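Participant: Just passing along the structure, written as structure tokens.
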């Protein structure tokens with residue numbers, strides 16, 4: 001069996017294990033990564049380099065900050081106030097959480113947003129005695145949609161912005177409208193899917209309204225300290241394009257400062273880190289790098305783009321759908337990194353030369369936005385399509401709940417397809433009609 005076939009077999013076998021959950025998904029991903037190295041698909045040096053430490057340290061830093069902040073009672077206070085603001089009504093609660101999540105994801109990033117809002121969601125739904133999983137699914141999907149809207153919302157956009165020299169404003173002006181439309185359609189979807197299934201008794205609603213939220217704050221000094229650190233971390237995230245300090249170091253630095261200032265027991269804090277989520281990412285990074293190493297993504301992308309024959313509308317729409325489908329099953333970062341040079345040095349100059357009647361800006365915008373929309377929105381397709389999805393599953397597991405691959409994919413794939421149809425119409429009417 002040649003290297004290419006073996007690599008594909010390992011990937012499909014690992015994916016089968018993750019879908020069926022015959023063994024814990026963390027072990028499935030680690031097994032896939034180890035097989036890629038042991039069977040000589042991927043050199044060990046490349047395997048180590050494939051682990052995205054920016055993601056790992058961002059997660060560790062934010063997990064520590066979130067845990068210490070939670071000890072102050074802040075999340076309980078926020079949860080009670082959110083529940084009271086919608087009078088304990090389930091769907092208005094879901095709607096509010098989706099809007100907040102999308103907005104936060106556009107301004108920060110979707111992983112940080114889920115790490116902050118996931119625990120709050122668990123607390124609210126447990127207080128209302130309703131299933132947390134639909135709310136987590138709705139939030140994750142909203143986070144991926146919100147992250148699509150800006151340059152800093154999702155890693156693929158950061159990569160595209162760096163390579164294309166497109167500005168924050170260009171991303172916001174061109175992608176925010178379609179992201180907003182997709183969010184509204186998604187909310188309508190969830191109204192029909194979950195709206196009539198979630199019931200809270202009038203007695204429980206009255207009980208929620210009578211709760212004194214201020215009593216949830218156990219340590220106001222810790223809350224103030226934690227919020228101060230979080231504020232500086234958020235400022236660091238927002239000024240990343242100016243300071244060029246990676247978000248991972250900002251989050252990890254904030255965690256270190258918070259542990260020092262609050263004099264927390266380091267060993268106890270480290271026990272609260274969701275290590276199985278981190279090791280799932282490590283296994284996934286190595287396995288996906290194996291697929292990149294054998295050239296599978298290159299071959300697929302090249303053949304697909306050759307199929308369009310340089311026609312701009314066809315090429316843009318193909319990039320959109322191909323990017324979403326591939327990004328739903330492999331990490332969108334290496335995929336985006338693979339397609340960027342093909343678009344920048346291949347498609348843009350070739351289409352500009354063969355179709356001089358089309359302005360260069362239209363060519364650039366249609367191709368880059370197609371890639372951004374596909375790579376980001378494809379994350380909603382499956383549970384492993386985006387980092388935020390995996391983080392949400394980890395938060396659910398920590399609370400004794402199961403956000404399974406099939407349960408997420410059942411709803412996520414529907415939203416992904418609808419999002420792509422809307423994005424196709426957007427690209428068509430925006431650039432080609």
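From the backbone N, Cα and C atoms, a Cβ is placed for every residue, glycine too.
Copied straight from TrEMBL:
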DOMAIN    15-374  domain 'Citrate transporter-like'
TRANSMEM  23-43  transmembrane segment
TRANSMEM  55-79  transmembrane segment
TRANSMEM  91-124  transmembrane segment
TRANSMEM  133-152  transmembrane segment
TRANSMEM  172-194  transmembrane segment
TRANSMEM  222-242  transmembrane segment
TRANSMEM  248-266  transmembrane segment
TRANSMEM  278-297  transmembrane segment
TRANSMEM  317-335  transmembrane segment
TRANSMEM  367-391  transmembrane segment
TRANSMEM  411-429  transmembrane segment
Participant: Name the range, of those listed as 55-79, 91-124, 133-152, 278-297, that has the largest tally of Cβ pairs under 8 Å with the transmembrane segment (367-391).
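Facilitator: Between the candidates 55-79, 91-124, 133-152, 278-297, the best contact partner of the transmembrane segment (367-391) is 133-152.
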Participant: Flag the pair the transmembrane segment (411-429) / the transmembrane segment (248-266) as in contact if three or more Cβ pairs fall under 8 Å (sequence separation 6 or more).
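Facilitator: Output no: the transmembrane segment (411-429) is apart from the transmembrane segment (248-266).
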Participant: How about the transmembrane segment (248-266) and the transmembrane segment (55-79): do they have 3 or more C-beta pairs under 8 A, pairs 6 or more apart in sequence?
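Facilitator: Yes, these stretches are in contact.
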Participant: Taking contact to mean three or more C-beta pairs under 8 angstroms, with sequence separation of 6 or more, is the transmembrane segment (23-43) in contact with the transmembrane segment (172-194)?
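Facilitator: When sequence-distant Cβ pairs are counted, the transmembrane segment (172-194) does not touch the transmembrane segment (23-43), since fewer than 3 lie under 8 Å.
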Participant: So what's near the transmembrane segment (278-297) in sequence-distant terms, Cβ-Cβ under 8 Å and 6+ beyond its ends?
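Facilitator: Tertiary neighbours of the transmembrane segment (278-297) are 3-4, 7-8, 10-11, 14, 25-26, 28-34, 36-37, 41-42, 46-47, 50-52, 55-56, 59-60, 326, 330-331, 334-335, 338, 384, 387, 390, 394.
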